[in-house]
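Visitor: Before I ask anything, here is the structure I am working with.
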Amino acid sequence: MTHFLLLVLDLLGTFVFALSGALTGVRRQLDLFGVLVLSFAAGNAGGITRDLLIGATPPAAIADWRYLAVSMLAGIVTFYRYALIERLKNPVQLSDAAGLALFAVAGAQKALAHGLNPAMAALLGMLTGVGGGILRDVLVTQIPTVLRADLYAVAALAGAAIVVAGDLLQVPPAVSTLAGAAVCFGLRFMAIRYGWHLPRAATGGQEPPA
Amino acid sequence: MTHFLLLVLDLLGTFVFALSGALTGVRRQLDLFGVLVLSFAAGNAGGITRDLLIGATPPAAIADWRYLAVSMLAGIVTFYRYALIERLKNPVQLSDAAGLALFAVAGAQKALAHGLNPAMAALLGMLTGVGGGILRDVLVTQIPTVLRADLYAVAALAGAAIVVAGDLLQVPPAVSTLAGAAVCFGLRFMAIRYGWHLPRAATGGQEPPA
Amino acid sequence: MTHFLLLVLDLLGTFVFALSGALTGVRRQLDLFGVLVLSFAAGNAGGITRDLLIGATPPAAIADWRYLAVSMLAGIVTFYRYALIERLKNPVQLSDAAGLALFAVAGAQKALAHGLNPAMAALLGMLTGVGGGILRDVLVTQIPTVLRADLYAVAALAGAAIVVAGDLLQVPPAVSTLAGAAVCFGLRFMAIRYGWHLPRAATGGQEPPA
């Protein structure tokens, strides 16, 4: 897979995630600037956090103006065509699953390339995928969906883990990347379709604090 | 403009922003420590985030004790003279606009000096100005005012953009810095005075989730 | 004190803090993944933030898999044995005080070793101790307990300050470390036992916004 193709896929993932941020912003009645901030945060916070943690400064999303451009584009389209984007909910969810798959495998590869140990490389891949959604939700004071949603982070972790395992077993990167992305996308797709989710702990009927 | 003058202005901006953090802390009934944390966060989080993103560690606000000192001073004054500071609301709002102007232009210059591309340098200038207020609000679980307020971030972005444009056009830095700060301050002042604000998206009457 | 002993104590502190994160996650009805995220965040966010601020990337908690392992262990135990851990509340509070003491002194030493000035080294020690709890609470959209709790951060700051003072006075590190940890633990223990807390500002009866 060429470097150029990877960049295109990365920007596509950013665009899709930025859409989810912009939708949240419009729903919470933020102004245009707020919507653009949520677009950028949802599209790039995962990758930025990963880059800060592995010491790759300035983060790609800051150094390369194209990440900013696609994030703004997603925000502006959503702001002025909100009804349209809302109606596209199914396509949006599918491309979100695709974005998650891509970010997870790309994030794991970048972490491996910076010499992280396998367990942390897999986790940083997952973080690349879920970080944007976490910041998006924290900014509108909502408990991050990913902490409660059906197999969202687990799908990302599975995809990233496959990349890391492929690296340990010296499988060609293109193969493990494709396999990881396919597994992540597949798991997420099945979770949406069949409502798969992780267990919650038994708290003996105790209510969460308000 | 000498280095010394810049430092004085930077510390003044920190002090004013720290006041806004301390006021929030007292209003939310935090204890003395909580008020001081909000003072420091509001006064310094924007600059710290910028420095982390451009790889300038340790951030100036951490390496130089004077940022801490003026933040604590603002917190302590507000804590023990709350009624007085509340009564000064108009002067506080004006100095906040001045702080915003200063942080935006200084942040953009620092980002340019670290070789960021023009678009990101302008955004990092804006982030320097608004980052502190965002963390302040997140810490008390409030949707950041800046995501909804009248031209706050836009004023900062305009000021930062003028600095960046001046750099591209090789205008002397002192000139573009003054022009950028004046535009930011002026925009913010007019927004407060006339209630200027950005549009919100039409959501077809849909209410935001509670 | 040998390097090995320090590592063991650091991992113990991480485990205890991770327990507090996991308890919060279970109480807020997060799923298994959410509980593990809160475990890791509560156990490691303080140290990670400190390492990012002093430029020590990748942070120890990311580079060394054992921090992850003990965090996951705490999360899994809490998830499947929630009732048991809740019943252990007193022991948990005591070990939390021990974890705070350890993180505060270790954090201050690491900051000194990276050449921070004394005031910031003490504050970074405190941040190491309280950062995890702040992120834990922000993620579940709660105002961080530490901003309102009885002498939590002050105990950490006192412990860290003793380490820094010892460094300035050239006391042997083992002595100031033990003294700092003892003071932090003692203060926190007394605060729990006698309900010591910091003053809140007089707001003239004004209610905090909802």
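Cβ coordinates come from backbone N, Cα and C, glycine included.
TrEMBL annotations: computationally assigned, not manually curated.
For C:8-80, C:94-165, the entry in TrEMBL reads domain 'Glycine transporter'. Positions annotated as transmembrane segment by TrEMBL: C:32-53, C:65-83, C:119-139, C:151-169, C:175-196.
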Visitor: Under the DSSP assignment, what numbers of helix, strand and coil residues are found in the domain 'Glycine transporter' (C:94-165)?
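Guide: When I sort the residues of the domain 'Glycine transporter' (C:94-165) into the three classes, I find 59 helix, 0 strand, 13 coil.
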Visitor: Considering every residue in the domain 'Glycine transporter' (C:94-165), what is the mean pLDDT value?
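Guide: Mean per-residue confidence for the domain 'Glycine transporter' (C:94-165): 88 out of 100.
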Visitor: For the domain 'Glycine transporter' (C:8-80), what does DSSP give as the number of helix, strand and coil residues?
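Guide: Final tally across the stretch: 63 helix, 1 strand, 9 coil.
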